[in-house]
Amino acid sequence: MIETDKLFGAAPERRIVTPQRASEQEEALERALRPKLLDEYVGQKKAREQLEIFIEAAKKRGEALDHVLLFGPPGLGKTTLAHIVAREMGVNLRQTSGPVLERAGDLAALLTNLEPHDVLFIDEIHRLSPVVEEILYPALEDYQIDIMIGEGPAARSVKIDLPPFTLVGATTRAGMLTNPLRDRFGIVARLEFYNAEELTRIVSRSAGLLNVQLSDDGAFEVAKRSRGTPRIANRLLRRVRDYAEVKSDGVVTMAVADAALAMLDVDPAGLDVMDRKLLQAILEKFSGGPVGLDNVAAAIGESTDTIEDVIEPFLIQQGYLQRTPRGRMATAQAYLHFGLPVKDA
């Protein structure tokens, strides 16, 4: 049997390896560590090369960059790339998110204040309301918006011309975008999980910016437990630094990193409390699956959205979990991770 006391004792909101942003303070720290230019950006080779070419071409023609859609799991650098696009183009960036744009007027106010070639970044673009999305279509295609002035019989439509601009949309759920919206993006890039070597470079770079003394094997130890996600790698680095300063001589070696991450309940495979909790529920409560998502959510006390967007992608990518037409199933690798005999097919 798997020990469950520790697994079920940690609250999801305290999860250190979540790729979601935890606080305004952490977001400020992330901004300080972000690369500013494409040359500084590590990983995502395909997306980076595409953007390099399209940005250079747009600059040579003196045009706004075509609209860009960035999608993939959270924490992989979509916001960072949006800022880099604006900086490489030499223009301003205006940032908002889908849930914030509740009314058509909210979007119209942003669009009418853009300067030529500016970048408008909409995070969680899949959460735009249909009313706001309708306003966005002509803005993206013709650089125009139609807004209603007045109410009732006296209401009239006014067409407003916009300067050429670039929309950068980011989403963790590309499948939830409507076809008309998706089709208006000329550049579409999927961001993938990072490998350990790429994350080691990111951890080493961040350590330099934070003045952390870090050995090469210490950097790799942090990187390989970071779930393929730079945001998590930087968060773990800060916690390992704290541990090194209090429990050691301030130098993050492999041994120090291992001890610090063990204290944080991040195991050698990079799985944390919630990962193990989800896998344990499927293995023990549902005999390894298949089991429906709603049942898994009820068993571990998490929302289905959090499971699908935050917990599952890494487990699937690493081969611990399968999504099948009949439901979620633990793989042989999951059984072996917990020292359990593999279930016969």
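Placed from the backbone N, Cα and C atoms, the Cβ positions cover glycine too.
The region 'Large ATPase domain (RuvB-L)' annotation in Swiss-Prot covers 4-194.
Per Swiss-Prot, the feature ATP binding site maps to LEU33, ARG34, GLY75, LYS78, THR79, THR80, GLU141, ASP142, TYR143, ARG184, TYR194, ARG231; the stated evidence is sequence analysis. According to its DSSP assignment, GLU141 (ATP binding site) is helical. Taking Cβ-Cβ distances under 8 Å and a sequence gap of 6 or more within the same chain, the neighbours of GLU141 (ATP binding site) are ARG184.
Annotation source Swiss-Prot lists Mg(2+) binding site at THR79. In this view, THR79 (ATP binding site) is surrounded by 22 other Cβ atoms within 10 Å of its Cβ, with every protein chain counted. THR79 (ATP binding site) falls within a helix when secondary structure is assigned with DSSP.
The region 'Small ATPAse domain (RuvB-S)' annotation in Swiss-Prot covers 195-265.
Annotation comment: Swiss-Prot describes 268-345 as region 'Head domain (RuvB-H)', evidence class sequence analysis. This prediction places the mean pLDDT of the region 'Head domain (RuvB-H)' (268-345) at 93.
Mapped onto three states, the DSSP output places ARG328 (DNA binding site) in strand. If you look up Swiss-Prot, you'll see ARG323, ARG328 marked as DNA binding site.
Here the binding-site residues are ARG323, ARG328, and the one whose Cβ sees the fewest other Cβ atoms within 10 Å is ARG323. Our reading of the ATP binding annotation (LEU33, ARG34, GLY75, LYS78, THR79, THR80, GLU141, ASP142, TYR143, ARG184, TYR194, ARG231) yields a largest Cα to Cα distance of 37 angstrom. With every protein chain in view, the residue among the binding-site residues GLY75, TYR143, TYR194 whose Cβ has the most Cβ partners within 10 Å turns out to be GLY75. Secondary structure from DSSP puts LEU33 (ATP binding site) in a helix. Across the region 'Head domain (RuvB-H)' (268-345), DSSP helix (H, G, I), strand (E, B) and coil residues number 41 helix, 9 strand, 28 coil. Between the C-alpha atoms of ARG328 (DNA binding site) and LEU33 (ATP binding site), the distance comes to 37 Å.
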